[in-house]
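> Handing you this structure, nothing more for now.
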């Protein structure tokens, strides 16, 4: 293992008195030792024991304070990612995850998931290249081209890369695929939507499972195209776990129709919609798993030797990532300005302006992909009065509002605000609008999780030189 000299210097500075650091910033205890390894070409700090994402962010924040660096940053805790993967395997052992690359395409996340055994849901040429390009993370069999509307060049590219599994939901797509792919294995996507989902996908994707899907199975057979299975996606940010059971029942009926038409129906793709926030009380992986496992046992028993996959995105990406931004302005105002209540005209409140916002890492808020955004000081102080507060991003846009109304202690310019559960649809949507820099990433893992990854890697020795 390679020791990172500068990192140990940073450790020494941290545990010594904070000369030159703002006296109001509380310093957390620092883990005893650390080194680093490279995963997916990223430098990952390794800690002897489990490392809390907040503590790791405090370590980075303290180092930035020492260097007079106030640039925004995010942290990725790969130990959390490993825990999420293990949870998935415990709860739904028959369902292989095909991670939705669009959610967060950080190379370190993709590499780790590939080593753990995940497949990948790719929707474009570039996403396919991320997985099978120079750093070949897996084999083509572990990719599903999960977009029912594909440009001709993307179909040809998938053919060249050996990616055969792809979804469709209309007749026109069948003709296109037949023309531009030499050996497609088609997966029919049906419309099974949770009407409570934050993003209902049924208006754009999926055929009617009763009226249209049987006709598409027949048309594929007439064209000599092999349909190997059925897929559905109940929607992103869904809350009704019973919808998975409905989709699986529809899939069973269509499997039977496909078999009658001569299709070799073997694959069931139960899509996405799995929550990423551990504090979500409406829905959980455990609740979903209970419905899914029961329906699979009834309609797709293990004796049938079916391939069951899913397309989780935010489930894996949300919890490992935290975002920290620096306060560039702290303005005292009247609470009425935030609450819009005239009765609050004599109450003190604050507007905080950060150096990251909704055109940066908080872009998920604009796209409505952040179920909740909640902050707290990275270095909290004891017994502080809470004030009604608004938190703004740095740009000139009046839409650059991160938190419309929250409660925070009075904070000064140069202090940090910390946001957990920020990995989904954040980094991938960030821009440099108005000339503001994007946040930089820092990565960590604990030794136990690292050893677990290496044990999985040992079973995939052909990836050894690529991932580490």
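Even glycines carry a Cβ here, placed using N, Cα and C.
TrEMBL labels come from automatic prediction, so no person has curated them.
Checked TrEMBL, it gives:
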type: SIGNAL; residues: 1-20; note: signal peptide
type: DOMAIN; residues: 79-317; note: domain 'Orn/DAP/Arg decarboxylase 2 N-terminal'
type: MOD_RES; residues: 102; note: N6-(pyridoxal phosphate)lysine
type: DOMAIN; residues: 341-423; note: domain 'Orn/DAP/Arg decarboxylase 2 C-terminal'
type: ACT_SITE; residues: 396; note: active site, proton donor
> Summarise the domain 'Orn/DAP/Arg decarboxylase 2 C-terminal' (341-423) by DSSP state, stating how many residues are helix, strand and coil.
7 helix, 29 strand, 47 coil
> With a 10 Å radius around each C-beta, find which of these recorded positions (102, 396) has the fewest other C-beta atoms nearby.
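Minimum Cβ neighbour count within 10 Å, taken over the recorded positions 102, 396, occurs at 396.
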> Tell me the Cα distance separating residue 102 (N6-(pyridoxal phosphate)lysine) from residue 396 (active site, proton donor), rounded to the nearest angstrom.
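Just about 28 Å between their Cα atoms.
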